[in-house]
Amino acid sequence: MLVVAEGNGSYGSSSRMSNNINLNKNPDSSISISKMDLIIPFSPDVPCDNNGQRMWWAFLASSMVTFFGGLFIILLWRTLKYLWTVCCHCNIKHKEAQKVNNPMNSQADGPPKNPNDKDDAPASEVGWMTSVKDWAGVMISAQTLTGRVLVVLVFALSIGALGIYFIDSSDPIESCQNFYKDFTLQIDMAFNVFFLLYFGLRFIAANDKLWFWLEVNSVVDFFTVPPVFVSVYLNRSWLGLRFLRALRLIQFSEILQFLNILKTSNSIKLVNLCSIFISTWLTAAGFIHLVENSGDPWENFQNSQPLSYWECVYLLMVTMSTVGYGDVYARTTLGRLFMVFFILGGLAMFASYVPEIIELIGNRKKYGGSYSAVNGRKHIVVCGHITLESVSNFLKDFLHKDRDDVNVEIVFLHNISPNLELEALFKRHFTQVEFYQGSVLNPHDLARVKIESADACLILANKYCADPDAEDASNIMRVISIKNYHPKIRIITQMLQYHNKAHLLNIPSWNWKEGDDAICLAELKAGFIAQSCLAQGLSTMLANLFSMRSYIKIEEDTWQKYYLEGVANEMYTEYLSSAFVGLSFPTVCELCYVKLKLLLIAVEYKSEQRESSILINPGNHVKMQEGTLGFFIASDAKEVKRAFFYCKACHDDITDPKRIKKCGCKRIKEKVIPTFQNRSIKLANSMAVPNTLPSVLPVIECSTTAIPLVNNRKGSLLPPAPPSQSRLSLAVLNRARSLPGKYRYCPSTLSSTLTPTHFEDEHPSTLSPKKKQRNGGMRNSPNCSPKMMRHDPLLIPGNEQIENMDANVKRYDSTGMFHWCPSKDIEKVILTRSEASMTVLSGHVVVCIFGDVTSALVGLRNLVMPLRASNFHYHELKPIVFVGSLDYLRREWETLHNFPKVSILPGTPLSRADLRAVNINLCDMCVILSANQNNIDDASLQDKECILATLNIKSMQFDDSIGVLQANSQGFTPPGMDRSSPDNSPVHGLVRQASITTGSNIPIITELVNDSNVQFLDQDDDDDPDTELYLTQPFACGTAFAISVLDSLMSATYFNDNILTLIRTLVTGGATPELEGLLAEENALRGGYSTPQTLANRDRCRVAQLALYDGPFADLGDGGCYGDLFCKALKTYNMLCFGIYRLRDAHLSSSSQCTKRYVITNPPYEFELVPTDLIFCLMQFDHNAGQSRASLSHSSHSSHSSSKKSSSVHSIPATNRQNRSSKAREARDKQKNILR
């Protein structure tokens, strides 16, 4: 109440009022009051109390009468109801007592009344009241849309009324007002009428009227609604207790929850604390404003002071914070008394609420916002294992400059905020990277990152976790959550264990045809290592091809120069120009290499059913048509565009490939295929997804219907390539001549009509041992040694026992992709040290595995499957010997018992006795694995077992006790060669080779977890500890492999989903979706009978190494050009060369050269060859390999030296064998069964 005292001007007076009325200036006025009685300013045009007396008590009385009157009525009603209930209860008890005492009288009073008659009237009345009460409860409880609108409207009007109070607080506390002229009073009146109606609804819905009457919201209504009606009646305005409307702010959090704005407990708590603090602050400031501007009643309101409302707000804040500057303070007794009590509660509230509010604000997720999609720009969501290492590796490959412009924004989602290093990494890539804190298991977080509009979701796995199954389960749950939220989203996830991939097939919306992919690290890691067993160094070459590496130029003539030139090559895809239409694959491949300086290794085929197939190095029967997609090896995406722009008319005479660009006549052709522009993509560019492929696709040209392609994910491993006439055996040719003419010249039809045994030799070779020797021994083929055939009964059965089985015998799995044998008990394949020593193994694969009963399984089946692929003939299979803990190998054996030629030596790879027993010096490859790597926290010690085993083997010394062995050159006989003629044989005469005498020359590949540990493998290298893995000598030589190199497959698979099909085709030996389904059902390979369809699956490419120091390419090996070799191998034998495995010191003239080799990927045409080079090539399946065992040389060899021992299981000399005991003979019989 603003007091107007003598000598004091009223605060905030308006033009329509005057705080000081000079009665002398109004002599005609009938008002005659003393100076002290002049309290209320008024205007003559506003009817007001002529006495000028204050009427604040009328406003306050209206509120007090309403409150206490209603309270009295409620208490009176409860008292009367209680008394009525007590009286009725006593009357009922009295009547019941009378009935018990006088039962006859009660019956004589008349017939019994129907109890329903007595209750009819009250029942109807109670039902009506209950329905009204329920309706009112629904209206105010926000259970319906109408109720929510009503609750929100009440809150909004309460804030509006508080705003009107803020406006009116600049006017005097009490003044004369004309309701019809005061706009704010009219609005406030309308608001309060609505509040009155809402109060009635709340009163009807209340179960306990007394507690309702005492609620805070009810008290607010009592002291704010009645004074408004009094104002209209008295034409006066009293600011009074209207500040109590600020208490409505306490319900702010409830309103936000009704609107679904607040969802988390922290946000609700924060809003609650803030609303309570602010409402209490504003309410207390309103009371101080009232009493300080009105004064004390017992002082006749003479001790007032003019304070604005906001000055009171300031006063309350400095009081609560105990600062108290003293510039503003309370003068009235009421104000000071209020401050005494308020400072106790306010200080407590300030000390507890403010720190908690600050803590909640500080704990708010810094990365808790929502992603805003940019028009015309895709975004992907990356989740899972988000660390500095995984993110940096991913970004380095995903955002590599060789991918041209990557117009994709990367959104990381993780439930843990990034550390400072990771945050700095995000800031360095802020234009393309955003981070949000949350979990993909929470649909709200998925909505924040706009997963429904994302181009894909990538899930990273923790490759170094102690429990791989638990990590896979976590990623599978992430897939389920994402697919449940948006079934159409494309997901690419990393999996650690192969057997866990089966769980993804249980997700209904998981569909690999729509781009969903699971990159199994254990499967691919084992596949890379297995391919190194067949062609050492291949793991390094493939890892570099599918990773983005920048070209590092070195001027010095060192091995690093040639290695890094190859490292700069990557895999790209591009649509082939119409100039290639009608040409065969070898022709197009040669033209691309010679003319365009591009290496074409595969094309994509799409059937009429729109199912994709990838044909790797198909034969002459595949003709190119419009829209064929090619897979190229090149150093830049721009180079690959030459294949699309090439025009025979315009570019035929151009010798510089850089000048091959878009020509004028090309525009006419582009009108036919307008969607083919800018297709050059790294096996990763999203612009070349399979859905954009044209309808015109390459077909397999044949005069009759060819065998259907083998489907593998999006396609075939390879088409059934028809062997040339020179490759067909005499028996097959004779049968072919007897066929009708329409089949005679279609090899694919021929293969489908012949019996399965036509793919193998039906008869033992008629060549003499000398003839066999003259034509070259077979590398790592255990049946080819003449000495073995004559003397040793311990060894594997000959071809006549293996190849000439009946067609009803199951030799392959049900898909025809792998060699298969009936399940064997593990006890039958276990070798003791003495048994292993009695059989001198050679040309085999030794797998040293560290593990125990508690170790996680590494999935040895994925290592064995590529070595048992059906595109090898049985006699070409390398025997596999596992050296490790028997307890661990028993756990793995369930997945290995259907593979032939597998044996186990219980022991430890650190035991030299065990290693000598398995003839480690005569093996084709020694693989060192560990299942205990992730159980150690110290990263530098994770690879200690593998490093110790590697150094142990390299330090071993061997004597030349085996003697001089008959052996082939380090290579294979190209398919189509006449092996019976020594003139055409790749090996002329005998090659004498001594066995290895030092362990440093044994071919080894070691698996590492920590990349930096590669420095410990080679003691003679000068690799810096901070050198990247691909730049180290062990990795360049193919003797070390780390799982981190597979990280690049995530981004590569995203940009082109064919990449995973291609790499799995190359390294897994032919795993198909059908096979994965079978393994998910039984967890074991199922044998199947040979049919033309399954046998056709054997006809697919495989990687091999070709020796140059002898054989048909010897003339090119001494100073020849790599391009000439490429063209000759492609034209003559359909072999596609793609790299060189060269001795590290081949460029030096020193006679004592190191036996280490390194990888050179896709050398240029003019690259000079040396005789010791080994050539990586894709060779066709050789149907004749099984027809003459001794005339074959194996498709792969050990490449650790320029000359090597014979690949066979050698016998011990007969003089020693005669002294063996009967026990030894029994052991030999056992060994015969083991190696089958």
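The backbone N, Cα and C atoms fix where each Cβ goes, glycine too.
TrEMBL entries are annotated by machine, without manual review.
Now, the feature entries from TrEMBL:
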type	residues	note
COMPBIAS	1191-1211	compositional bias 'Low complexity'
COMPBIAS	1223-1236	compositional bias 'Basic and acidic residues'
DOMAIN	377-519	domain 'RCK N-terminal'
DOMAIN	842-986	domain 'RCK N-terminal'
TRANSMEM	55-77	transmembrane segment
TRANSMEM	149-167	transmembrane segment
TRANSMEM	187-205	transmembrane segment
TRANSMEM	270-291	transmembrane segment
TRANSMEM	307-325	transmembrane segment
TRANSMEM	337-355	transmembrane segment
Stretch in 55-77, 149-167, 187-205, 307-325 most in contact with the transmembrane segment (270-291), if contact is a CB pair under 8 A: 307-325
Number of helical, extended and coil residues in the domain 'RCK N-terminal' (377-519), per DSSP: 60 helix, 32 strand, 51 coil
Chain residues in Cβ proximity to the transmembrane segment (149-167) (below 8 Å; excluding those fewer than six residues from its ends, i.e. six or more beyond): 139-140, 142, 184, 187-188, 191-192, 194-195, 198, 224, 239, 242-243, 245-246, 248-249, 251-252, 254-255, 258-259, 282, 286, 309
Contacting positions for the transmembrane segment (307-325) when only residues 6+ beyond its ends and CB under 8 Å are counted: 11-12, 166, 169-170, 281-282, 284-286, 288-289, 292-293, 339, 342-343, 346-347, 349-350
Mean per-residue pLDDT computed across the domain 'RCK N-terminal' (842-986): 81
